[in-house]
Amino acid sequence: MARSRRCPAAGTTAATLLLLYLAQLGTGLKCVCQLCTNKTCETGADGACWNSVMLIDGKEEAVKSCLSPSEMKGQVFCYSSRNVSKRNCCFTDFCNNETLRLYPESPPRAPGWSKLELAAVLLVPLCLLCVGALLGVCTAHAKRCGRRRPHKHDAEDPPDDQSLMSPNKCLKDLIFDMSTSGSGSGLPLLVQRTIARTIVLQEIVGKGRYGEVWRGKWRGEDVAVKIFSSRDERSWFREAEIYQTILLRHENILGFIAADNKDNGSWTQLWLVSEYHEHGSLFDHLNRYAVSVDAMLLLALSIASGLAHLHMEIIGTQGKPAIAHRDLKSKNILVKKNGTAAVADLGLAVKHDSVTNSIDIPSNHRVGTKRYMAPEILDETINISNFELFKRADMYSLGLVFWELARRCSVRGIYEDYQLPYYDMVPSDPSIEDMRRIVCEQKLRPNIPNQWQSCEALRVMGKIMRECWYANGAARLTALRVKKTVSQVAVVPDVKD
Ligand code: ADP
Ligand code: MG
């Protein structure tokens with residue numbers, strides 16, 4: 001814990017300070033608080049006044065506030081760094097009223113301990129609790145994150161691990177840093193590990209093929225943590241690897257934050273940390289709510305944009321390979337607060353190396369979710385060495401997702417109940433054979449209701465679906481084409497993150 005470098009007025013003994021502190025235990029403290037309306041806050045019983053100075057964008061920034069007992073107890077991480085931050089907790093009214101400085105170093109003074117230093121020594125065990133101080137500063141900074149543009153690093157001078165983890169960083173800053181850290185599309189591994197190990201898990205929000213997804217807290221902000229069982233290590237590694245593909249980051253692809261593998265002696269915990277989206281999956285969302293025409297188009301446009309970015313190859317030394325998802329469905333798409341969507345669950349994705357014309361992992365014919373499998377996957381006629389065919393199979397699945405979405409679109413108060421594709425043709429857990437029979441043999445597709453013709457947006461959506469469902473993959477629309485067609489009918493609002 002950093003100690004104050006200023007000397008308080010003479011005359012008070014360390015014992016008096018200790019007594020004062022003890023007397024105040026159990027009652028609240030009044031502290032200086034810059035962010036509070038009357039510049040004062042009260043801590044409640046067993047809290048502390050908190051004083052800090054940090055280097056932000058090359059400038060010293062002091063933060064003074066109150067710490068609640070829970071903040072002091074909070075499981076927090078502190079990348080304590082000389083010349084980067086200094087923190088001080090104290091336990092008397094307005095004791096944080098002094099301004100800490102990082103520079104210049106305080107002038108040399110006569111030997112001997114000041115009263116405050118003496119008090120600090122006596123209070124060291126108590127001050128250890130103040131590690132919780134970080135939680136306070138992070139909350140304050142998290143608030144500021146929305147307003148402040150992150151510092152733009154010089155491209156030739158990537159931020160080091162220390163500056164990446166400085167306590168003033170919030171998620172937005174870190175995500176911005178990922179594009180400037182010179183490590184592809186992800187943060188340095190040490191930073192990822194540090195983030196993952198300071199997350200406090202809160203509640204389970206989803207279950208999928210590989211384990212549980214939790215909502216967790218990191219520096220006061222929500223994050224999603226996908227926890228894989230140790231036997232699924234390959235899936236964990238694969239998904240983390242895909243998310244860290246250079247230039248993958250996109251507003252309509254789930255924002256990856258960190259991967260961590262922690263051996264606790266008996267088993268290995270495998271975590272994948274990403275941005276958290278409180279509305280959950282598109283499947284959950286559509287089950288709960290009907291959507292307006294504009295909301296439907298915004299979702300459709302953003303899903304197509306995410307998929308188009310995934311499919312796109314960007315040529316160059318720092319280019320992006322084309323990626324096929326291979327498990328596109330409403331449960332693998334998340335709905336963001338601003339009404340747009342993010343494509344998620346990249347665990348089965350494959351990358352294309354256009355130089356060698358190879359796919360990066362040995363593939364088998366059938367992966368993904370049976371209900372959403374394209375006809376050529378169901379009947380195993382797909383040529384798995386031709387990467388283009390995987391993209392076409394994604395387009396078939398996209399058509400099914402659009403169908404789920406369009407059914408829930410409310411026009412003049414009329415909409416349908418939520419249903420999975422082929423709900424009326426196959427059992428609830430269909431086998432490959434069930435699906436093959438109706439999709440390949442009988443060539444059936446989900447029903448497109450007549451009333452969709454009376455609404456321009458639904459008519460366009462219906463046409464897109466049909467053109468995604470052709471048995472001949474080569475005839476299907478591309479993601480880019482779908483994106484362009486939807487954008488012609490959608491009035492795109494000025495969406496903010
Ligand atoms: P799996 O690979 O096991 O299928 P997913 O990544 O698809 O795991 O996640 C399973 C479910 O967890 C999703 O359908 C969704 O309900 C929820 N979920 C996943 N990621 C997030 C997130 N970032 N924010 C909110 N909910 C999420
Ligand atoms: Mg999934």
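Even glycines carry a Cβ here, placed using N, Cα and C.
The annotation signal peptide is assigned in TrEMBL to 1-28.
Marked as transmembrane segment by TrEMBL: 118-142 (among others).
Across the residues of the domain 'GS' (169-198), the predicted structure has a mean pLDDT of 76. Residues annotated as domain 'GS' in TrEMBL: 169-198.
Taken from TrEMBL, the feature domain 'Protein kinase' covers 199-491.
Counting only same-chain residues at least 6 apart in sequence, those with a Cβ under 8 Å from the Cβ of LYS226 (ATP binding site) are GLY208, TYR210, GLY211, GLU212, VAL213, TRP214, GLU239, TRP271, LEU272, VAL273, SER274. The ATP binding site annotation in TrEMBL covers LYS226.
Outside the transmembrane segment (289-310), and at least 6 residues removed from its termini, the chain residues within Cβ reach (under 8 Å) are 248, 250-253, 282, 323-325, 328, 333, 335, 339-343, 349, 394, 398, 401-402, 405-406, 408-411, 415, 455, 457-458, 461, 478-480, 482-483, 486-487, 489-493, 495. TrEMBL lists 289-310 (among others) with the feature transmembrane segment.
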